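Worksheet: the structure to be examined is printed underneath.
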Amino acid sequence: MTQNSPPRTTSVLAPQLGRKERPERRATSEIMRKYGHLLFVLPGLVFFVAVMVGPTLFALVISLTNWTGRGISFEFIGLQNFQDALSYWPLYRAAINNVILFVAMLIFQHTVGLFIAVQLNEKPRFMEFYRAVLFMPVIISLVSTGFIWTLMLSSNIGFINPVLRDLGLGFLAKNWLSDPATALPTVIAVTAWNSVGWAIVIYLSGLQNVPEELKQAAHIDGANGWQTFWRVVFPQLSPSFTALTVLTFIGTFKTFDLVYVLTGPLGSPNYRTDVVGTLIYRTAFGGSGNYTDDISMSFAIALALVVFAFMTLIAWALIKILRRREIQS
Amino acid sequence: MKTVIKGLLVGVLLATTAISAIAQDKVVLTMWHNHPEWKDRVEAILNKYEEMNPNIDIQLEEISGTNYNTRLNTALTAGEAPDLFGLNPGPVTADAAAAGYTVDLTDRLDISGLTDSAKAAITLDGKIYSAPILGSYTVGLYYQRKIFEENGLTPPTNQTEFMALCDTLREKGITPMIAPAQDGIIPSFLYAMMVASVVKAEGFDEIRAGTRKFTDPDVLKAAYFLKDSYSCFQEGALATPYVEGKALFALGRGAMLEGGSADYAGFLETNPDVDVGVVPFPAVDGGTPATVTGMEAPYNVNAKSEHIDEAVAFLQWMMTAEPAQMVVDTITLTTTKGIVPSDNEVMKEMIEAGRSNDVRVFYEMPETGAVFGVVQQNAAALFLGDITPEEFAQIVQDAVKPSSSM
């Protein structure tokens with residue numbers, strides 16, 4: 001628009017320009033002024049309802065039945081599935097593994113991830129290369145990641161144990177995924193390898209937003225490098241800390257594909273690596289192929305909804321607590 | 001120039017119309033199968049049928065065993081299952097029939113050419129819903145001929161010999177047994193054969209009737225044997241997937257493998273020079289070496305298929321001599337009467353092994369339908385010492401639903 005072009009008028013502005021309008025048209029304009037912006041939200045809302053809210057409500061209805069997943073016969077059994085879910089000890093066994101995974105990943109992301117981000121923030125030579133290499137595992141599909149690591153870790157065809165032996169470190173060679181002592185730590189290590197890129201990127205963006213003046217002021221005030229980082233820089237990273245913690249929580253509690261590929265549908269050995277994702281899958285579709293006749297889709301959905309409610313509650317609490325901490329810092 | 005372009009366009013249009021007309025004349029039957037390693041062999045049989053019936057196009061999709069049932073269940077529920085699909089006989093087929101997923105083939109299919117055991121396996125309350133077109137499998141103990149000959153060894157016949165053989169092989173630096181135990185299928189078959197060596201076919205009927213139990217002192221020995229056999233497995237057995245284990249054995253990385261007739265085709269795919277023999281599985285001390293036999297997922301016709309008659313005709317042909325011969329020569333045992341392997345020595349040995357003491361697999365019977373899965377889910381606990389053989393046997397026994405009609 002040029003400076004000389006006349007101002008555009010809209011129906012909302014029309015009354016101010018003194019035009020006469022019919023009352024119903026004025027009412028429509030008023031509604032549009034108040035709620036018109038919602039039209040922009042509508043497509044997304046429709047999509048969200050269609051693919052999220054609708055199926056969730058449908059799932060809720062199924063969870064109130066005894067539908068096995070085969071056939072069309074079922075009966076409504078009220079809240080029986082939820083009652084059973086809360087006293088179903090495999091759920092707690094799996095959830096404990098999720099908690100261990102979450103705590104380990106939390107520590108890893110906030111220490112190793114932060115450390116690497118700080119190093120990269122110093123802008124070393126080949127920084128772009130390092131950043132790309134460290135982020136690469138994130139863009140590889142989890143199924144592919146699982147297969148690659150399964151092959152590398154295999155006691156029979158893997159190369160990790162032979163390499164350790166060739167390096168004279170044979171005492172470190174293990175049956176990584178079949179030994180109860182190393183199976184879950186190995187799953188944690190693979191998960192960490194896969195997701196450390198996220199921690200680096202999130203922390204790096206936080207570090208790059210810390211004003212240089214703050215660090216210079218701390219330096220002038222006599223703070224050493226560690227004090228500057230801990231007292232000045234780290235508090236500025238609170239939003240990154242919050243985002244990463246919540247994302248890690250959600251990611252570790254919904255983990256499925258990596259565990260399924262690494263240790264199979266039974267969370268081998270003997271459920272030591274079973275997580276709620278594999279438990280729900282096994283309950284819905286069966287343990288391993290052809291022979292299971294104890295599947296229950298409705299119970300699996302009840303388990304999923306219980307976990308969903310629990311995750312929502314914890315994620316909300318985490319955000320609440322960590323946001324308060326952000327404001328304080 | 002314009003005339004040439006117009007001519008080309010008209011030509012393309014006519015060709016497209018002709019191709020689509022031909023395609024419309026063909027009846028397309030979709031078929032899902034759960035042994036990707038058999039793909040070429042199964043397709044060779046299907047090609048034979050298509051040659052004889054030019055109006056039929058059978059589109060085979062191979063889905064790996066662990067994903068097959070998941071996909072099939074979902075597809076059946078969604079009404080998008082293929083025209084032809086395999087299901088285990090017994091409880092699983094009964095469930096599918098009750099749900100209305102499959103066509104009742106009782107009056108549509110002539111099964112007089114099948115063996116008696118095959119007829120019994122596919123008959124549910126006097127009705128027939130499936131056809132065993134890809135035969136049956138018998139499970140025994142495969143061994144590497146070369147390893148045994150070079151070391152002057154003979155296949156074991158009982159628990160004591162088996163455990164001693166494991167020690168001997170270990171001392172020679174040879175992995176005694178490949179057992180891909182990640183999903184528990186192999187341990188479940190092992191336990192089935194160990195139990196069979198004690199109870200035999202009659203005792204299995206008693207277990208189904210509830211008059212004999214897995215916790216009985218003589219049957220309990222099978223749980224002890226299973227636990228002991230773990231020491232013979234390869235490194236990392238509990239994390240070894242099924243396909244990896246079979247490939248390891250085919251490549252000679254272990255001396256023995258519990259395996260079925262259906263596995264041999266897969267060995268050949270991995271290693272065309274594989275040289276193996278097969279015997280019944282060693283008996284629990286005091287018992288008889290045993291094998292177990294099951295049907296290779298008999299085929300059902302989708303009740304929603306638009307080509308039910310064509311699908312039934314295909315199933316009927318698959319039970320005749322020519323395809324049955326191809327099955328037994330290239331894939332596994334056949335269930336068609338009078339058909340024997342022409343030059344497949346391993347299949348001949350497997351048939352011989354099955355003559356000693358053969359029992360049907362747990363999961364085909366309604367009373368023990370859940371037993372196979374329960375063993376799968378608890379074998380690792382037994383191996384790791386998380387539960388005792390007594391506790392294991394009790395868990396298995398709890399999964400039996402005895403039938404008073406037995």
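Each residue, glycine too, has its Cβ placed from N, Cα and C.
Among the features that TrEMBL reports, compositional bias 'Polar residues' is placed at A:1-13. For A:1-25, the entry in TrEMBL reads region 'Disordered'. TrEMBL lists A:35-62, A:99-120, A:132-152, A:183-205, A:295-319 with the feature transmembrane segment. The domain 'ABC transmembrane type-1' feature in TrEMBL is assigned to A:95-316.
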So are the transmembrane segment (A:295-319) and the transmembrane segment (A:99-120) touching or not, going by 3+ C-beta pairs under 8 A with a sequence gap of 6 or more?
no
Tertiary contacts of the transmembrane segment (A:35-62), as residues 6+ beyond its ends and Cβ separation under 8 Å:
297-298, 301, 304-305
Remote residues contacting the transmembrane segment (A:99-120) - C-beta distance under 8 A, at least 6 residues beyond either end:
127, 130-131, 134, 184, 187-188, 191-192, 195-196, 198-204, 206-207, 229, 237, 241, 244-245, 248-249, 251-253, 255, 275
Taking a Cβ cut-off under 8 Å, which residues six or more beyond the ends of the transmembrane segment (A:132-152) line up next to it in the same chain?
116, 158-160, 177, 190, 193-198, 200-201, 257-258, 260-262
